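Novice: Please see the structure below; I have some questions.
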Amino acid sequence: MSQTKQTFSTELGGRPLTIEIGQLAKQANGAALIRYGETAVLATVVASKQPKDLDFFPLTVNYEEKLYAAGKIPGGFLKREGRPGENAILTSRLIDRPIRPLFPDGFRHDIQVATTVLSSDEDNSPEVAAMIGASIALSISDIPFDGPIAGVTIGRVNGEFIINPTMSQASESDIDLQVAGTKHAVNMVEAGAKEVSEQAMLEAILLGHDVIKELIAFQEEIVAAVGQEKFAYTVASFDETLVNRLKAEALAEVTTAVQVEEKQARDLAINEVISKYIDQYAADDSITEAQLAEVSGVLNKFVKTEVRRLITEDKVRPDGRGLAEIRPLDSEIGLLPRAHGSGLFTRGQTQVLSVATLGVAGDAQIIDGLGLKAEKRFMHHYNFPPFSVGEARPMRAPGRREIGHGALGERALLPVLPSETDFPYTIRLVSEVLESNGSSSQASICGSILAMMDAGVPLKAPVAGIAMGLIKEGENYSILTDIQGMEDHLGDMDFKVAGTKDGVTALQMDMKIGGITRQILEEALEQARLGRLHILEHMNSVIAEPRVELSKYAPKIVTLKINPDKIRDVIGPGGKVINGIIDETGVKIDIDQDGTVFIASTDQDGINHARQLIEDIVREVVIGEEFDGTVRRVEKFGAFVELFKGKDALVHISELALERVGQTEDVVKLGDKLKVRVTEVDDKGRVNASHKVLLVEGMSPEDRAAYDEKKKTERDSRPPRRDTGSRPPRDGQRPPRRN
């Protein structure tokens, strides 16, 4: 790589995109600094010197968000970045998926792609910059790579498509589409949408590819200027003599084995063929040790070629289904009595138990990344234990795959959730994969819908998901509906589509080949739509509408609106007031900055009591209002009467009785009930009230006339005030102040 900084510029979505090469990370095989607006991402790639002895391609992609990029200091005791967050993991996957198919078959050098966000504004996507940066770093390096690739985000506001929408535009968009590909074809799609038609999604994908082609032409100029020659590499290959012998002796048995319909029986049949020929060739003196080590690999290659041949030529799938046929469906709800909602969805040998839990606003997840701090009130977590595929492996924390599948389900379900105003609950869904033979992520979407409907969540519409596959040999191809594990593993495409009967809510496409054409995309989307409608019909037969009542174990939530200026009164100094209410009533209370108060509990009486306490605290006292109060304090000058919890009024001694009162205790004592009327509220909120005015109004006309006459006589009999005249002038100067 050149050691002198070189700069290349273009525009993306009407904003400047600048690539700087040759200044940073010069010991990496390839490095580039991408500036997009005020967003800056460093992309580096490194390859091991020697290939690894592995049967897979060891590619690692990392996307790192440094909080200094947004002018933030990490929280916690250590004050440094910890494990990558969910967004970083999902972005790593977004970069990995389009570049992985473009490395040579059999390439076994360790490859590490690292993209680091160094600066981030709120409008220019660091994810897009990182994907472009990874492609440029690979393309200019000496690492064999059949790129470049590029990626863009497509949104749609008021029917108009937008390239790389800003944050404000994204909030109004009904499509959130990330698309990546080469100059020839699209090879990665990730999308969320608000029940958008298949045709609109196709148009968005194709628009994205048009932009991608422009970005790739820009990258090719960079490669021509600073690109390195690719290093030579060796690809492991099987012994040709062994391949030919096994083809003659074992291919027919492999063909029979791959057509066993049941998954475990099919796996057993394939393993028996492999074991048979390993044992047979181990006893054959003409077979070398090196050839014997390759027997399993050759036979597994035959498994792949035969499955693909049967599908593309004979239109026969391993389990005997037609290309567009969906496996048998079975569903059940309400399996777990103490859970708020549960749904079991089974499709063939894939089975998912989804469980819905309803929580309060305080249960929302706090998201504090490079962007603005936000709360997430809907979560979908996906778990894939080893027993689901009949394996004994360590039970570990969720990996990238589980996090990715959980996020896909979340994206698919989000558009049909009720608004927070209509349903002020935090919703957590957990999908437990109990059996897996492909399409478990889509089964988790179906199971989650069943669980939420069982929980009484008022969904706008049910959603179903289906996974499509592709087997392509030259110009000959077959699109598969509801792929099973073997078809996913040996096929060329995994295309997941989720949506309602009216439109798509999520898409995810991964390719193992260079890309696919518009025709294949169109056919796959239409085939997926028909499959989705079939699954929705089945789900509707199990539960057609969400339950009217929530589970008795779910919290009930009541909301009320208070003046935001009164929030501090409800909270109190150090939280004293609100904690007192919580302790007294046993409820949970959350308050938004706009004055919305959420009160939650399984006990309705506790909710009602807490609501009354809060309403009393924020209540505005009006002159003329009457209260049946309680005497809480007695002073020489009058009594303090509690009108309601948290609000007292002073009843002056002259306002306690009709006659003159010598001592306050002569009329009232602590704890006495006293009816009063508010006569004054000062600018500090202090209240004066009168009991006497109510006594006067309660008199009969005769008594009132006599009382008024008596008061008049008393006033007339008082001696006149002494007239002291005006104050005389001061003589001389005022004495100085005392120190």
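Backbone N, Cα and C atoms are what each Cβ position is placed from, and that goes for glycine too.
Predicted, not measured: the structure shown is a model, and the values here were computed from it.
What Swiss-Prot records for Asp488, Asp494 is Mg(2+) binding site, and it gives sequence analysis as the kind of evidence. What Swiss-Prot lists as domain 'KH' is 555-614, and the listing cites sequence analysis. Marked as domain 'S1 motif' by Swiss-Prot on the basis of sequence analysis: 624-692. The region 'Disordered' feature in Swiss-Prot is assigned to 698-739. Residues annotated as compositional bias 'Basic and acidic residues' in Swiss-Prot: 701-739.
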Novice: According to DSSP, does Asp488 (Mg(2+) binding site) sit in a helix, a strand, or coil?
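Specialist: In the DSSP reduction, Asp488 (Mg(2+) binding site) maps to helix.
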Novice: So which one is it: of the binding-site residues Asp488, Asp494, which has the fewest other Cβ atoms within 10 Å?
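Specialist: Taking Asp488, Asp494 as the binding-site residues, the minimal 10 Å Cβ count falls on Asp488.
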Novice: Write out how many residues of the domain 'S1 motif' (624-692) are helix, how many strand and how many coil, based on DSSP.
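Specialist: Counts, helix then strand then coil: 7 helix, 36 strand, 26 coil.
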